[in-house]
Amino acid sequence: MAILNILEFPDPRLRTIAKPVDVVDDSIRQLVDDMFETMYDAPGIGLAATQVNVHKRVVVMDLSEDKSEPRVFINPEFESLTDEMDQYQEGCLSVPGFYENVDRPQKVKIKALDRDGQPFELIAEGLLAVCIQHECDHLNGKLFVDYLSNLKRDRIKKKLEKQHRQRA
């Protein structure tokens, strides 16, 4: 396993739309393993392949406190099951150090493939619903900062660009 480099906003590669996985093979399972290692190391609760510059529709997440509930979503799709919205303070490994409130549908139905390529469906609410929507956004080239005002997004962008310059 390997820890992968996480792209940071405003890197344009984060805007790439990920391609579906045709076959879940050993290379995809290795990617999943590397993504889990990267996510746990960061630490985070979710990671999309786009964030590690692999433009395939793969998401990993683990909402547990003790890394005991790893979840894999390959080619995930979701649909909202309610018009009711929940507001959560979201953060992102690609937007480090920033947390902002985002409104999202509070209940969604997810369809995806698991680590072995087997299809499954899941009804998600609360943090799981927020997380899957956030990670699916990554696969579509969208970030949580896109839900913010231009002023907030530009402020975050400028601060991260300054941090990047200071590290260079």
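Cβ atoms here come from the backbone N, Cα and C positions, even for glycine.
Small disclaimer: the values here were computed from a predicted structure and weren't measured.
Features of the protein shown, as given by Swiss-Prot:
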ACT_SITE  Glu135  active site
BINDING   Cys92, His134, His138  Fe cation binding site
Enumerate the residues of the same chain, Cys92, His134, His138 excluded, that satisfy the criterion Cβ within 8 A of the mean position of the Cβ atoms of the recorded Fe cation site; list them in sequence order. Gly46, Ala48, Gln51, Glu90, Leu93, Ser94, Glu135, Asp137, Leu143, Phe144
Within 10 A of the CB of Glu135 (active site), the number of other CB atoms across every chain shown is 24
Starting from the Cβ of His134 (Fe cation binding site), draw a 10 Å sphere and report how many other Cβ atoms land inside it. 24
For Cys92 (Fe cation binding site) and Glu135 (active site), what Cα-Cα distance in Å is obtained after rounding to a whole number? 9
Cβ neighbours within the same chain of His138 (Fe cation binding site) - under 8 Å, at least six residues apart: Leu14, Ala18, Ala48, Thr50, Gln51, Val59, Ser94
Is it possible to get the count of other C-beta atoms within 10 angstroms of the C-beta of Cys92 (Fe cation binding site)? 26
DSSP-derived class (H/G/I helix, E/B strand, else coil) of the residue listed as 'active site': helix
